[in-house]
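> Would you mind keeping the following structure in view while I ask a few things?
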Amino acid sequence: MQLEHLPEEFEMARPVLQTIEQAGYEAYFVGGSVRDTILGKEIHDVDIATSAYPDEIKHLFKRTVDTGIEHGTVMILDHGTGYETTTFRSESTYTDFRRPDQVTFVRSLAEDLKRRDFTINALAMKEDGTVIDLFDGLADLKHRQIRAVGDPQERFHEDALRMMRAVRFASQLNFTIVPETLAAMTSHAELLRKIAVERTQVELLKLLTGQAPQQGLTDLLTTGLWQYCPDFADHKVDLERLTAQLHQGASTDLTAWTLLTTSFGLETNAITTFLKHWKTANQTISAVQMTTKMAQHLLQGSLSTWQVYQCGEDQLMIANEAAVVLGATDRSRELVAQWQNLPIQTKKALAVTGRDLMQAGVQPGPQLGAILGDLEYQVVTGKLPNEKPALVAAVTD
């Protein structure tokens, strides 16, 4: 196969390949950018594989950065955008089920491609658009299926994260995992325990925000991988229910987390524990506590003016999206109108400050904050106008 019209990202990177080839080495575009171009999807960056060793690459270009020199990766900066260029390599055993114990640089493209995870990712492309397909990846793209390169048992024993990548790709691409690969995932599922949670988290979120999350979640359940995701063990029924309800991907990572925590029926403290086990940031935990609480309210009815104010517009939309997936009526227009009609949308918009109240005779201290909080509530709920004289009078009279 030869692609006639290459995306701009490839065109801009052509001089890099040409420079390497003119020096007598091989160089190809590889990986997801090749796959996605064939599928007609947008690409964002390109990766280059070459027979040139890192030191040889550094002699060919004026500006380079060692981004992963021990694995043969050098960033080339000569042509504006940085291009990651990695030497063809073969890999030894993987005693930690994630990273090879030893990397050996080789001159063979075939040796390099056979160590990759799936056939659809083991495609290479020359700078003129000619696709090199040594493992029938083009056929698997045509049939919309995910197949491990070579022996799937070996691929997943080498790197257990590949199993999560498989279910992620099933969702992102709306592809089916072939039976032999799926069976190997089932027999190796327990190895997911060996993988850092942060790595698993990335794949889970990509699954939940993909175009076909039902496919990815079904594979997660079928293979047993779900059991080795933090705090999923007691929620098989909840996951099965969510799988049946989630017809399209979550719009954001926060929505994805909200779907899980709401489906699992988690309250504030349990959400903290759950998300800490998933190694999420404190800011994410706070946001998900709010969106989950509001999604639970929306599943039971509407939100009060005060709840709308507390949540904020962006988080309201996340809570509504999650609630709709789980069976609630879509209240997005109603919620936006409620938000826009609030007397104030932030505490800073309150017509009085602590200084104003102290000048009116209120003593400083904890009670001052409590008074301001009460005034904020009264204004938001329409019991007091957001006018300085009225608010001062409400405190001093």
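Cβ from N, Cα, C; glycine included.
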> Of the candidates Arg63, Arg107, Arg116, Arg193, which one does Swiss-Prot list alongside Gly32, Arg35, Asp159, Arg162, Arg165, Arg168 as binding ATP?
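My reading of Swiss-Prot gives Arg116 as the candidate in that site.
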> Please report how many Å separate the Cα atom of Arg168 (CTP binding site) from that of Asp47 (Mg(2+) binding site), as a whole number.
20
> Just give me the nearest neighbour of Asp45 (Mg(2+) binding site) among the binding-site residues Gly32, Arg35, Asp159, Arg162, Arg165, Cα to Cα.
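Spatially nearest to Asp45 (Mg(2+) binding site) by Cα position is Gly32.
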> Counting all other Cβ atoms within 10 Å across every protein chain shown, which of the binding-site residues Asp45, Asp47, Asp159 scores highest?
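Output for this query is Asp159.
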> Around the C-beta of Arg165 (CTP binding site), how many further C-beta atoms are within 10 angstroms, looking at every protein chain?
20
> Where Arg116 (CTP binding site) and Asp47 (Mg(2+) binding site) are concerned, what is their Cα separation in Å, rounded?
14
> What does the structure give for the C-alpha distance between Asp47 (Mg(2+) binding site) and Arg35 (CTP binding site)? Integer Å is fine.
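Counting only the Cα atoms, the answer is 12 Å.
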> What are the sequence-distant neighbours of Arg35 (CTP binding site), meaning same chain, six or more residues apart, C-beta distance under 8 angstroms?
Ile120, Asn121, Leu123, Gly137, Leu141
